[in-house]
Structures are given as structure tokens and as C-alpha cells.
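Per TrEMBL, the features are:
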- Gly20, Leu21, Arg22, Ser23, Ala24, Gly25, Lys26, Thr27, Gly66, Asn122, Lys123, Gln124, Asp125: GTP binding site (BINDING)
- Thr27, Ser43: Mg(2+) binding site (BINDING)
Amino acid sequence: MGATVSQLWAPPPITVGLIGLRSAGKTTIVHKLSGNSDPVKPSIETIEITPVFQGNQQFKLFDYAGNRNWRPCWRSFMSRLQAVVFVIDSTDKDALPEVKMELAGLLKEDMLEQQPFLVLANKQDDPVREAS
């Protein structure tokens, strides 16, 4: 009963989409934020929804697959998002032209005009990157 009553005053969940090219690290970020210590399994052709709590605020993290076939689907799900995190693998210089094209396309979306949009350069702590 106590949990039910406390939910009456809890703010509604905030939906956040993690979008980016394949292998950018979106799933790993979601696992770290959720406190999950299980081995990370890449989301190849799916959308994983993970609840994460900060205090009494719930965030629903939508981890969108980043392979080329799924990217057109990103736009069809954006109307339900309240924020977007675009994840870039900062060690993959060869993918930057493709990243630029996808990011430019997303930034033109009218439905994202009023939503917070974060571009996250992931893997900056990668020792391979630091050596180069």
C-alpha cells in the first residue's frame, strides 16, 4: 500500500532516446546508468526500454538499434521522447561522415525542435584512442 500511495506523488516518467550508429556504446551507457552489472549484449535489431531511477524520478531509456536498416525507424518513435541523446563513437574516425549525415537529418526533425538534444562523444577514455 505504501508504494502505491507514494506513486501518487511521483513525477511521471521522462522518456529519453539513445540514438547513434552501430557500436557507438548506447547499450553500455544504458547498462551503466541502470546499475546493471551483467555482460552487455548489443541491441542489434531491437529497441530496449530500461527504467532508471534518480531519487523518485523515473527515466525510461529507449536504446535504439543503430544499424542502417533501423535508422529510418528512429523518426517514427521520436514523438514519444522527451529528450534525445545522440551517441558518437569518438574513436571511429571513418564513421564521422555517416555520423554527420545522420545527425544533420535528426536536427531537421520538427518533432525534436523543443526537446533537449545531447550529442555525446563516447569512448574518449579508450586507451587505443589515447595512444594515437
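Every residue, even glycine, has its Cβ placed from backbone N, Cα and C.
TrEMBL feature annotations superimposed on the structure.
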| residue | record | DSSP class |
| --- | --- | --- |
| Gly20 | GTP binding site | strand |
| Lys26 | GTP binding site | helix |
| Gly66 | GTP binding site | coil |
| Lys123 | GTP binding site | coil |
Given the GTP binding site residues Gly20, Leu21, Arg22, Ser23, Ala24, Gly25, Lys26, Thr27, Gly66, Asn122, Lys123, Gln124, Asp125 in the record, what is the largest Cα to Cα distance, rounded to whole Å?
22
Which site among Arg22, Lys26, Lys123 has the most other CB atoms no more than 10 Å from its CB, taking these as binding-site residues?
Lys26
Long-range neighbours only, meaning 6 or more apart in sequence with Cβ under 8 Å: which ones does Gly66 (GTP binding site) have?
Ile19, Gly20, Leu21, Arg22, Ser23, Ala24, Lys26
Would you mind ranking the binding-site residues Gly20, Ala24, Thr27, Asp125 by how many other Cβ atoms sit within 10 Å of each Cβ and giving me the lowest?
Asp125
Just to verify a number: CA distance, Asp125 (GTP binding site) to Thr27 (Mg(2+) binding site), in angstrom, no decimals.
17
Take the C-alpha atoms of Thr27 (Mg(2+) binding site) and Lys123 (GTP binding site) and report the distance between them in angstrom, rounded.
13
